[in-house]
């Protein structure tokens, strides 16, 4: 399990995260919410081992994250950054196949099967013969999601812990693909026992798809728990600085729906 205990992080004299506690168990999807500059991406990057935080504040499978070699870490977690750049052009299938790089022992047939599954799950199979640079921003985002899926699904031993860390993965997607991506991530929590952490701005999508939410403000946890426990008018006003009305979704029973303003 990925665990943060009293995690703090600073850049120069600026404190970005302070005293964050978070657990990410297998089979659960956790959403991170907050206004711009709240520390959401820094939290995800620190949990991924890509940004420095307090030594030993983060552990993966009962081992400090700082003790994990990069190649071993890549076999246990996959990261979809907010702006996944690619400085050179490759075919879509080549980009998705990058997710298999941490697994050199994987045979071609196994990789091809995994590629087909990831391309279908991300709804980019029809783009497989295209060049990456020819795609729209939303299409590129889905291709990168497929790459992360290959990486996180490649390790399939019975006792393996696998975390999928997604930083604003729907920022360039149309409504259909937003629902599809989040639904895919949620389904994989259940079918493949993945642990998923996702940074989002849409509180209603977070409420619908996430098992738990973490609400941040100024690098601190304002609330953590179920969507119903976290998405309250006082919490939302504290974080976003505007009034909020919370009601039950008329479409999804038991799911809170937030209206701002």
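Using N, Cα and C of the backbone, Cβ positions are placed for all residues, glycine too.
Copied over from Swiss-Prot:
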type: DOMAIN; residues: 2-243; note: domain 'ABC transporter'
type: BINDING; residues: 34, 35, 36, 37, 38, 39, 40, 41; note: ATP binding site
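There are 15 other Cβ atoms within 10 Å of the Cβ belonging to residue 35 (ATP binding site). One way to see the shell of the ATP site is to take the Cβ centroid of 34, 35, 36, 37, 38, 39, 40, 41; the remaining same-chain residues with a Cβ within 8 Å of it are 216.
Counted within 10 Å of its Cβ, the other Cβ atoms near residue 37 (ATP binding site) come to 13, all protein chains included.
Under a cutoff of 8 A between CB atoms, and with a sequence separation of 6+ in the same chain, residue 36 (ATP binding site) has no neighbours. For residue 34 (ATP binding site), the same-chain residues lying six or more positions away in sequence with a CB closer than 8 A to its CB are 40, 215, 216, 217, 239. Sequence-distant neighbours of residue 39 (ATP binding site) (same chain, 6+ residues apart, CB-CB distance under 8 A): 9, 16, 17, 216, 218, 219. Local packing around the Cβ, expressed as the count of other Cβ atoms within 10 angstroms, is greatest for 38 among the binding-site residues 38, 41. All protein chains shown were included, and the count of other CB atoms within 10 Å of the CB of residue 40 (ATP binding site) stands at 24.
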